[in-house]
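> Per TrEMBL, the features are:
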| type | residues | note |
| --- | --- | --- |
| COMPBIAS | A:138-151 | compositional bias 'Basic and acidic residues' |
| COMPBIAS | A:157-167 | compositional bias 'Polar residues' |
| COMPBIAS | A:177-189 | compositional bias 'Acidic residues' |
| DOMAIN | A:18-133 | domain 'Response regulatory' |
| DOMAIN | A:192-251 | domain 'HTH myb-type' |
| REGION | A:138-197 | region 'Disordered' |
Amino acid sequence: MTVEQDCVALDQFPVGMRVLAVDDDQTCLRILESLLHRCQYHVTTTNQAQKALELLRENKNKFDLVISDVDMPDMDGFKLLELVGLEMDLPVIMLSAHSDPKYVMKGVTHGACDYLLKPVRIEELKNIWQHVVRSRFDKNRGSNNGDKKDGSGNNEGVANSDPNNGRANRKRKDQYNEDEDEERDDNDDPSSQKKPRVVWTVELHKKFVAAVNQLGFEKAMPKKILDLMNVEKLTRENVASHLQKFRLYLKRISGNQQAIMANSDLHFLQMSNGLDGFHHRPIPVGSGQFHGGAAAAGMRPFSPNGILGRLNTPSGIGGVRNNLSSPSSGMFLQNPTDLGKFHHVSSLPLNHIDGGNILQGLPMPLEFDQLQTNNNKSIIAGNSMAFPSFPTQQSSLPNNNNHLVLEGHPQASPSAFPGHQINKRLEHWSNAVSSSSSTLPPAQNSNSIIIGHQFDVSPLPHSKPDSLEWNTQNASSSYSIPFFYYDSSQMRQSGNYGPTTDAMLSSNPKEGFIVGQQKLQSGFMGAEAGSLDDIVNSTMKQEQSQGDLSEGDLGYGGFSSLRTCL
Amino acid sequence: MGKCMQGYLDEQFMELEELQDDVNPNFVEEVATLYFKDSARLINSIDQALERGSFDFNRLDNYMHQFKGSSTSIGASKVKTECTMFREYCRMGNAEGCLRTFQQVKKEHATLRKKLEHYFQLARQAGPKETARRSK
């Protein structure tokens with residue numbers, strides 16, 4: 001697979017595979033190093049977890065695989081595992097002298113792609129390269145076809161299965177498709193430009209939504225979306241972040257129909273502002289177009305409540321009919337925890353548009369609880385789960401009116417997310433959702449709502465600035481992506497937008513999500529509560545590993561296209 | 001490993017010897033040196049903790065977990081056995097058992113050290129490649 005070429009020893013893989021070995025025990029570390037050398041890998045060692053993180057952060061593409069001990073004095077190995085998975089998406093193998101199944105379980109749930117017992121034998125190390133290949137392969141598969149792959153989904157869920165290979169792949173793809181990207185950008189929106197920093201322009205957002213739709217809300221995961229989008233320099237984190245925001249945004253919309261109604265390009269932004277509890281991190285939005293708040297709100301941890309709440313707003317819901325070009329652009333609910341919480345956004349008050357069930361069945365983070373059990377690696381943001389078009393019947397929603405009922409269960413378990421931040425976010429989200437989820441008043445003017453804002457998302461202040469390139473730039477380059485695509489004709493379509501609303505809206509003015517266009521991509525149409533759940537769950541699982549949410553930052557910066565599923 | 005080492009070092013040690021080659025001609029000795037350095041430190045910590053008399057079993061268990069980990073990686077079987085016992089006593093909260101066992105740990109540790117020193121000395125005399133040979 002040419003994929004391997006990207007990594008390490010190009011063409012010689014697994015020989016030369018670059019491994020980072022971490023163990024505070026010098027004896028064990030020395031032995032491990034020697035064993036790895038014997039396997040012909042390229043080894044870097046450190047006895048401090050902190051140092052390991054630095055090395056990884058310094059250059060994500062420098063390593064293909066991380067092997068780490070569990071018991072370390074400066075940082076818990078599981079924590080390191082989570083961080084690596086979230087930030088760098090590299091496969092991580094845990095090492096421990098503890099054979100206790102609960103440790104193994106913990107390793108798995110934190111995203112380890114393997115768990116080895118000490119003393120490690122060389123035979124075991126000889127095959128570790130498979131983890132690298134697998135994640136690359138999955139990533140490739142996902143990006144190549146953009147199909148939902150159950151397998152890949154699972155793999156991603158497998159924890160850290162998306163290694164940096166994904167990144168490498170992405171790069172490669174980007175290179176291959178550079179032209180394509182250019183075209184796409186040009187075609188869609190002359191104003192969009194590829195910039196070094198991710199700025200979610202309308203154009204980009206469109207692609208994003210298209211990718212999400214194509215993948216299917218449930219299966220839409222940042223990596224896949226990224227591959228589909230095929231945008232140079234866009235990273236998974238960018239996508240994940242955006243996805244999250246998008247979801248939050250949707251949520252927000254649903255909960256704040258008034259805001260939605262307010263026609264404004266900044267609707268998205270405004271919404272984000274309105275998001276409660278979403279201000280975990282000021283999301284620096286690049287262009288000042290959107291008024292902060294929105295972005296921030298959006299980005300923040302996806303507080304299910306927030307997003308769901310938004311979704312509930314009839315205006316948002318009704319109005320947003322996404323017309324995502326791709327079939328499944330929906331929003332993503334990626335947070336596993338969020339998912340649990342959001343139970344059905346389904347009753348989006350679709351008002352008018354389609355009888356009011358625009359967001360029915362918004363695949364809001366349903367069952368956080370469920371998600372939690374999925375072990376999370378927070379799915380948030382990583383997967384852009386396209387909200388499955390919500391079946392009008394909101395089966396999941398208790399109230400079947402066309403109201404979006406968001407049931408957030410603010411129980412995101414903190415442990416689910418690396419850094420627990422996500423969990424918290426989810427909680428917020430779910431709280432927000434539940435609070436706002438009251439039945440959405442049927443939006444009468446659905447069409448009017450829609451948030452057609454263009455988000456100019458300049459680097460969203462992602463929680464992890466370093467991981468997200470775009471975060472570092474504020475407002476510098478941003479492609480504004482029309483956050484909401486409102487297309488009444490498609491309102492009921494599948495594109496489900498997850499409750500990205502909040503996430504998308506970056507509260508930070510700098511971030512500027514600018515929801516320019518009035519096209520609402522109603523991802524949430526048709527309440528398919530059931531599907532939403534699935535989506536959410538799947539996304540969460542998948543995302544978990546991807547953990548885009550950088551520590552604690554569910555919000556994704558640069559929420560480029562807020563598609564309000566109205 | 002000759003008869004003198006029998007019982008003191010297990011297959012893991014042999015694995016280490018396997019790793020020794022031209023590129024790493026003194027690998028085993030290096031690892032052993034690291035081990036003794038690390039373990040001396042741990043032994044000290046445990047000693048101090050025991051002397052304090054406070055018997056923080058958790059802490060003691062943690063130290064011992066580390067100690068056992070490195071002992072295992074080098075193949076120090078007898079030391080490992082004593083470590084396991086020590087941890088059992090910790091879990092039971094048996095202070096006296098801990099003290100007693102710890103003396104054993106130290107004893108085995110010291111014995112191993114001597115034996116390995118001797119072993120490496122012979123190996124050096126015999127020539128670097130010889131030490132990679134399993135049979136002595």
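Placed from the backbone N, Cα and C atoms, the Cβ positions cover glycine too.
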> If you run through the domain 'Response regulatory' (A:18-133) with DSSP, how many residues end up as helix, strand and coil?
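Across the domain 'Response regulatory' (A:18-133), the residues distribute as 57 helix, 24 strand, 35 coil.
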> If you average the pLDDT over the domain 'HTH myb-type' (A:192-251), what number do you get?
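Its mean pLDDT is 76.
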> Could you count the residues of the domain 'HTH myb-type' (A:192-251) that DSSP puts in helix, in strand and in coil?
38 helix, 3 strand, 19 coil
